Amino acid sequence: MKFDKKVYNNALWMMSEKIISIFGLLFITSFVAKYVGPNTFGQISLSIAIFQVVQIIAQMGGDNIIFKRISKNEISGIILMRASSLLRGGSFFIISMLVAIYCYLYVPDDAYIYIFAVGVSYFFLSVDIYSIYNNALLKSKINTISNIIGLFFGLSIRYVIAYCEMNPYYLSIPIILTTLVPFFIRKFIFGRALKIIDGYDFVIDSKKIKTYSRYMLLAGTGIVVSSISIALYSRINQFLLGAVDSVSSVGIYSVAVTLGTSWGFISQSLITSFYSRIYSEKNDSVSINLAAKLNRLVFFISLLFIAVIFFGGRYILEMLYGPSYISAYIPMVLLSIGSLLSSLGTVAYRFIVKYSGYYFLSKKMSVMLLISIPLSFFLIKPYGITGAACSTIIIEFISLTFMNYFFCKGIIFNMHKASFLKWW
């Protein structure tokens, strides 16, 4: 019941890439935040939250479906991912155009430049099916190297802009390059990899596009509903802060979210790598024990980073963002606890996906969305950004425990028992 060495190596590659990416993007966003101030940065943060939801809708729940398919059958997975790529790209383009028109009409010009850059950047994230392929086959080394190259270009241009004291609008260039460059590198490597696989027809005609797009729509409906619900209830605080409190509060809260959850990439890297092994396991009891082992690992790693944020959070805030954002400290600590619960929730979420519980997830997340809206509203109104962070903890805890225990005769409850009642 042990994970292969290849799984750990893949997770380390994913983590090394995320460490570099997180630190690089922190410096880029902190530079923008310092220059434009909490109000404009809040408008940008709201737009990012909107485009993240657009990205999830455009993916049609396909990431988990494609990952699971490739883990089981590489050839079938390749055909599925290529045939469904037009659906992803087309959906993102249409929805993002509506968002762009709205922002053009109602958002100030200084923020719109960054919003447009974020939209272009998220387009390449949405159509990047090649990173899913690499993760599923434990080839995250390719993702790591390509992302580092993209980040190098982005940070280099950012440094030139700062050093030469150029117009901050030019920061939109590195925002786009950090996703555009890795996308084309992965696309090129994937194209070469296909030539090595002989005896299979990878030509994607209109019939295959129609067939697989229909399959993605049907199979992904449950996931996409749950994913949209997750995206909304995890960002509902930002939307409500803008409506109930102020756009400036959104900017400060966004900084708290960025720093409080920045370490989550370690948990996600472990989860993504280890689930390629769990998805391929046919024995239920072995699967539960593997997931329980992963759960423990995620839990204790998360505790370590919560301690770092608690003791060093104020210094990090002041160093990166300045005194204007120091009020983000308490929400940041609370959100780090919420991130722990969210990471454990991802372990459970993917375990439910293993058993094709797509419609359970759609119903569960819809209920969570309905709970989160009034809860966030009543906590934000008197307590502001601190209330928003508290609502996140409550929602993540309910989602992780009570709501998951209804699935498949309490299989998630059994996994949780195995996680903390049975040690290494």
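Placed from the backbone N, Cα and C atoms, the Cβ positions cover glycine too.
Here is what TrEMBL says about this protein:
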type: TRANSMEM; residues: 12-32; note: transmembrane segment
type: TRANSMEM; residues: 44-66; note: transmembrane segment
type: TRANSMEM; residues: 86-107; note: transmembrane segment
type: TRANSMEM; residues: 113-133; note: transmembrane segment
type: TRANSMEM; residues: 145-163; note: transmembrane segment
type: TRANSMEM; residues: 169-185; note: transmembrane segment
type: TRANSMEM; residues: 215-233; note: transmembrane segment
type: TRANSMEM; residues: 253-276; note: transmembrane segment
type: TRANSMEM; residues: 297-317; note: transmembrane segment
type: TRANSMEM; residues: 329-352; note: transmembrane segment
type: TRANSMEM; residues: 364-380; note: transmembrane segment
type: TRANSMEM; residues: 386-407; note: transmembrane segment
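Taking residue pairs at least 6 apart in sequence, the transmembrane segment (86-107) and the transmembrane segment (113-133) share three or more C-beta contacts under 8 angstroms.
Long-range neighbours of the transmembrane segment (297-317) within the same chain, counting only residues 6 or more positions beyond its ends whose Cβ lies under 8 Å from a Cβ of the stretch, are 255, 259-260, 263, 266-267, 270-271, 325-326, 328-329, 332-333, 336-337, 339-340, 343-344, 347, 419-420.
Same-chain residues lying 6+ beyond the ends of the transmembrane segment (329-352) with a Cβ under 8 Å from its Cβ atoms: 64, 234, 252-253, 255-257, 259-261, 263-264, 267-268, 271, 275, 278, 287, 291, 294-295, 298-299, 302-303, 305-306, 309-310, 313-314, 317, 360-361, 385-386, 388-390, 392-393, 396-397, 399-400, 404, 407-408, 411-412, 415-416. Same-chain neighbours of the transmembrane segment (386-407): 233-234, 237, 240-241, 253, 256, 260, 330-332, 334-335, 337-338, 341-342, 344-345, 348, 352, 355, 357, 360, 364-365, 367-368, 371-372, 375-376, 379-380, 413, 416, counting only residues six or more beyond its ends whose CB sits under 8 Å from a CB of the stretch.
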